[in-house]
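As written in TrEMBL, here are the features:
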type	residues	note
SIGNAL	1-26	signal peptide
DOMAIN	218-273	domain 'Transglutaminase-like'
REPEAT	601-620	repeat 'Cell wall-binding'
REPEAT	621-640	repeat 'Cell wall-binding'
REPEAT	661-680	repeat 'Cell wall-binding'
REPEAT	681-700	repeat 'Cell wall-binding'
REPEAT	741-760	repeat 'Cell wall-binding'
REPEAT	761-780	repeat 'Cell wall-binding'
REPEAT	781-800	repeat 'Cell wall-binding'
Amino acid sequence: MKKKLFIVSLVLSMCFSMLSIVNVQAKETIREDHYVNPIYKDVKSSVVHHDIQTYSLEDVEYTSDQEKLVKIFREKLINRESNIVLYYHCDEEITQEFFSNLVHQLFQKAIKHTGNGKEGDYLKWHCQGWTVKASISVNSNKGYDLNIFYDVSYLSSLEQEEKVDEEVSNLLKSLDLSNKTDYQKVKAIYDYICSNVTYDHDNLNDKSYSLKYTAYAALINKTAVCQGYASLFYRLALDAGVDTRVISGEAGGPHAWNIVKLNGKYYNLDSTWDAGRSTYAYFLKNTNDFDDHVRDNDYQSNEFIEEYPMWDESYTEIDCNKYGHNYSEPIYKWSVDNMTVTAQRVCANNYEHVEEETVTAQKIVKDPTCTENGIITYIANFKNNAFKPQTKIVDDKKATGHKVVVDQGKKATCTEDGLTEGKHCSVCKEVIKKQEVIPSTGHKVVVDQGKKATCTEDGLTEGKHCSVCKEVIKKQEVIPATGHKVVVDQAKEATCTNTGLTEGIHCSICNKIIKKQGIIPALGHDFKDGVCTRCHNQLKGQWKQSGNKWWYQYEDGTYPKNEFITIDNKLYRFDQYGYMQTGWFRVNNEDYYATSSGAIKAQWVGSGNNWYYVDADGKMVTGFQTISGSKYYFETNGLMKKGWFKVNGTDYYASTSGEIKAQWVGSGNNWYYVDADGKMVTGFQTIAGAKYYFASSGLMQTGWFKINGADYYATSSGAITAQWVGSGNTWYYVDADGKMVTGFQTIAGAKYYFANSGLMQTGWFKINGEYYYAASSGVISAQWVKSGNNWYYVDANGKMVTGVYKINTVVYRFDANGVLLG
């Protein structure tokens, strides 16, 4: 990953230099971090800190390999570079915690013990601390590129360390440690330090003088404090090939010493406290004999103790003349050219007692052959019977392989023998393939195999000929081709995961494809709400939380967004970012609602006088809705209506609960009726078997009222029935529709006549100039009527008769005025 990083924003540069902060995202900022070696927390740094430039105009290579960065970091620490830049790439979001963990982890790995005297504890105890900053950019491909800038303080300079390198090399040569045991190496180094380095009491309390803590002070200036002693021993022992560590802890105050590995385990030793002594009190001690030294916690962990096991007993030189030797198993070391072998064994009772013998090996060379490699065998025999003979076999030259020569074959004829082809090696003469005699054949009859006719090719009958002279003994005859036998290859529908096939045709005899079946690609899943609409396969997933928001991740790493999804039989809605929605939200300009758990269901939403309803999809309903068997009406804003309201100019009514039903509405003399849809009725209506009339205003009519100029009547309850209306001598009659009748009417089997005003007629009255008569009850019937001294007769319609008229078989005569004539 190569990238040229430009920081061109003056504002960003100013903000960074002022605040020491790099902005990664709106949510997260990265602050500079620090490390101070706890041993040197009170020591003044003599190193000038440089202003860290958190940008680069160079082509740099970013890596996500932390081990590679650690190797670069370690080399720069060894070279005592003050400003160290590391270029790291990562795919995950860079938070403050991530950054802090990363920079400390890189440093700890860089100073990890490696067995190299210039690394590990040597770096750790020569580094006073550091400050680190960073700049971050988004990589155009993926993730983030992080420039990490360390400003490091050291106790010694590069020039001083180069001087240490030179003096260490000279000192180890002067100590002549080659071919010495590990014990002898450790003893020689320890003797040198204790005899040549003094404790720097003069500068002990000078916090500004930090060189006293270094191996440089111990080796070059010959005076140092405990860190200088321990660091110098660490450097010399590791360069001499003996594993050691620097240990820090308490020994009457903060202190540093070493542990060293001899014969597989470790001993304690403290050159600071043994310096200047004629007899050592702290050389190669076990833990119990070193109890005035208490390690820091890092060196008392189970992990550290397991990696660096201590000897149970302190090292003590035992009088081998008195107690005898206790030699370890011999160790054999071959020289680089394998010409000499050194055998060595060390007495465990006294590491000074070493038996060693170096002998020259006998060299036996075996040249390679065609089939075997050449080898050199080295054999070493020792005079000391404690050392076993040693043999080492080394591959030399590769096998040459055979040089193959082909022995040409010769065909047999009818009268002469032949030979098969053979092979042999021209070098070793080994026969690789023997030639065999082929007897003379004479005439050899060969059967010419018949060939069945195929669909497209002619066949042949069986024939015979001599394979030598080619004479035809039986001629082969042609068998005509049969033609194809066609079979239909059935089509197969494609599924979500499997491809399909189109219909094809092939020959069942020769299997030739006449019409190739085409491959129909697999349809792929069509997931809706996490379920494939075709095969009903369901994506599994799990809920994830980010802050106070929730989202749902499928097993393939994807997640639903901008859609409704059913999870565990519950419906949820996820916004365009994939977060689960709660409360009110909009989709395609429609209002929706989800509970605080995100579950979407049909439910009432609201409080007090304001109520809304959302359906099973969470969508806010409007207009007329039937809910749990009851009807309701919701405005376009979703608010449930109560009391009187209008829809498209028409009056409707809902009860205080919002329920719409057929019901009477009103009080006192003012009553209205709404139907099952809550709509205010007008005109004639039949309610509970009774008829009513409602004006265009919806008001129920009582008493007399007009419709289209006609008179109607309803009782005080509003009920309309066929009935008499009036009192005294004034009576009217309304039919079943409440309409006032006029003219002749038959009521309850009796005939009546009503004037145009609707008034029931009694006594004499005229219709179209003709006289009629009704009884005082209004009933009209055929009857005699006396008026004064005159008698009259009216027929069944109440009409006064004149002239000759037959009544009950008797003929009567009436004058023009209807008076009965004598």
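Each Cβ is built from the backbone N, Cα and C atoms, and glycine gets one as well.
Automatic prediction, not curation, is the source of TrEMBL annotations.
Within the same chain, residues 711, 726, 730-735, 767, 772, 774, 778-781, 796-798 sit at least 6 positions outside the repeat 'Cell wall-binding' (741-760) and bring their C-beta atoms closer than 8 Å to a C-beta of that stretch. Look at the repeat 'Cell wall-binding' (661-680): DSSP puts its residues at 0 helix, 12 strand, 8 coil. Counted with DSSP, the repeat 'Cell wall-binding' (781-800) comes out as 0 helix, 12 strand, 8 coil. The list of residues near the repeat 'Cell wall-binding' (681-700) in space but at least 6 beyond its ends in sequence, with Cβ under 8 angstroms from a Cβ of it, reads 651, 662, 666, 670-675, 707, 712, 714, 718-721, 736-738.
The repeat 'Cell wall-binding' (741-760): residue composition by secondary structure is 0 helix, 11 strand, 9 coil, according to DSSP. Residue counts of the repeat 'Cell wall-binding' (621-640) by helix, strand and coil are 0 helix, 11 strand, 9 coil (DSSP-based).
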